[in-house]
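J.: Questions regarding the structure given below will be posed in turn.
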Amino acid sequence: MKENSRKQGAASPCAACKLLRRRCAKDCVFAPYFPADEPQKFASVHKVFGASNVNKMLQELPEHQRGDAVSSMVYEANARVRDPVYGCVGAISSLQQQIDVLQTQLALAQAEVVQMRMRQFSSISPGTATNSPDHNNITSPSSSRHTQSHHDRTSLFAMGMVIDHQASMGESLWSC
């Protein structure tokens, strides 16, 4: 729709032509990607890459890839304006560090869950065979084999979480 109004001559120039103070031709390479209502978009790209270089990059690309290229240039230019030394590499590095910290926290939390389940399993396991009312302190070889095979089949991760509030478990890793 913007393109049709520009062909009729009634539209204002695109943001690139406006900034460069030139007449916006109907076949302007910048017009589809830098509309007049978004002047900051081209201003940052022009500041970092230069209008001539942006023009060359867009001319070398097929039309179906130009939109993605402009999005990338705008992102890189905005990152470079915010951080002139590192640009988007600094942003990527910062995000990678956050991922590393979160992965470490996740591993610690998973280790704490395993440790809690091991404590729960060890506190449940010894008392079940001898203190159960079915056994009444009578141990036969067949009943001890049955109890042992039952414990072998019980997965630590299939057990429900029971928290022993009286046991001293130390500081939780969830407080990181």
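Cβ coordinates come from backbone N, Cα and C, glycine included.
Caution: TrEMBL annotation is automatic and unverified by curators.
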J.: Can you dig out which of the ranges 8-35, 92-119 TrEMBL describes as coiled coil?
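T.: The listed stretch tagged coiled coil in TrEMBL is 92-119.
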J.: Could you count the residues of the domain 'LOB' (12-113) that DSSP puts in helix, in strand and in coil?
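T.: The domain 'LOB' (12-113) comes out at 73 helix, 0 strand, 29 coil.
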